[in-house]
Amino acid sequence: MTQDEMKFAVAQAALKHVVKDTIIGVGTGSTTNFFIDALAKIKNEIKGAIASSKATRQRLESYDIKVFDLNEVETISVYIDGADESDDGLNLIKGGGGALMREKIVAAVANQFICIADESKLVTIMGDFPLPVEVIPMASNYVKYQISQRIGGTPTVRENFITDNGNLILDIKDLKITNPKVMETKLNSITGVVANGLFANRGADILLLGTSNGVKIVTRLIG
């Protein structure tokens, strides 16, 4: 299977986790786009969706899928999104597309988080993919310094990119993330950080992993 064929396969598999007659959360990225395309075929079975980015909203609306504002709803049955990296514990790095803050909010509200990815995203130790951190623009230099001193790695400002919230993204290279929950909490404690791309304190519940042998289902171990 090619990478796109794996993404297509997990997108189709994710449809089985869509709860009928509810509002679902939809993430951002290339794999999620495959899911939106698949979702269009069963759009009449759901009430609508919450989009994690402007790009996702546009794609959903192009299929006439109703998009709700998060403040209009009380619950989201399931959140379906991709990942840039995942470890065996279903801790994730996300935010390659720059939508990490909104993705975190929607994931926090959802009853269940289903991650869809191809097999190249599953790693033993995360960090080869640069870790995105959304920062207030006026604090970018301060945050870069604090990351270098307190976290390590090499943070750089993502060029020519502004988030949907009007902020900057720092991408941290040269990390080996052995304790994702601790690093997520430490990054969030730096003044000026809006959010970081570690989804560990609220990781995925289920990973649908596209492989050359089909879709593998990986479940988060509790405890």
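Glycine is no exception: its Cβ is also placed from the backbone N, Cα and C atoms.
Listed features, source Swiss-Prot:
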type	residues	note
BINDING	Thr28, Gly29, Ser30, Thr31, Asp81, Gly82, Ala83, Asp84, Lys94, Gly95, Gly96, Gly97, Lys121	substrate binding site
ACT_SITE	Glu103	active site, proton acceptor
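Structure with Swiss-Prot features highlighted.
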{"residue": "Thr28", "record": "substrate binding site", "CB count, 10 Å": "29"}
{"residue": "Ser30", "record": "substrate binding site", "CB count, 10 Å": "13"}
{"residue": "Asp81", "record": "substrate binding site", "CB count, 10 Å": "29"}
{"residue": "Ala83", "record": "substrate binding site", "CB count, 10 Å": "28"}
{"residue": "Lys94", "record": "substrate binding site", "CB count, 10 Å": "29"}
{"residue": "Gly96", "record": "substrate binding site", "CB count, 10 Å": "21"}
{"residue": "Glu103", "record": "active site, proton acceptor", "CB count, 10 Å": "30"}
{"residue": "Lys121", "record": "substrate binding site", "CB count, 10 Å": "22"}
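Cα of Gly96 (substrate binding site) to Cα of Glu103 (active site, proton acceptor): a distance of 12 Å. Other than Thr28, Gly29, Ser30, Thr31, Asp81, Gly82, Ala83, Asp84, Lys94, Gly95, Gly96, Gly97, Lys121, the residues of this chain whose Cβ falls within 8 Å of the Cβ centroid of the substrate site are, in sequence order, Gly27, Thr32, Ala117. Spanning the listed substrate site, residues Thr28, Gly29, Ser30, Thr31, Asp81, Gly82, Ala83, Asp84, Lys94, Gly95, Gly96, Gly97, Lys121 have a farthest Cα to Cα distance of 16 Å. The binding-site residues listed here (Asp81, Ala83, Lys121) include Asp81 as those with a Cα within 10 A of the Cα of the residue listed as 'active site, proton acceptor'. DSSP assigns Ala83 (substrate binding site) to coil in the three-state reduction, placing it in neither a helix nor a strand.
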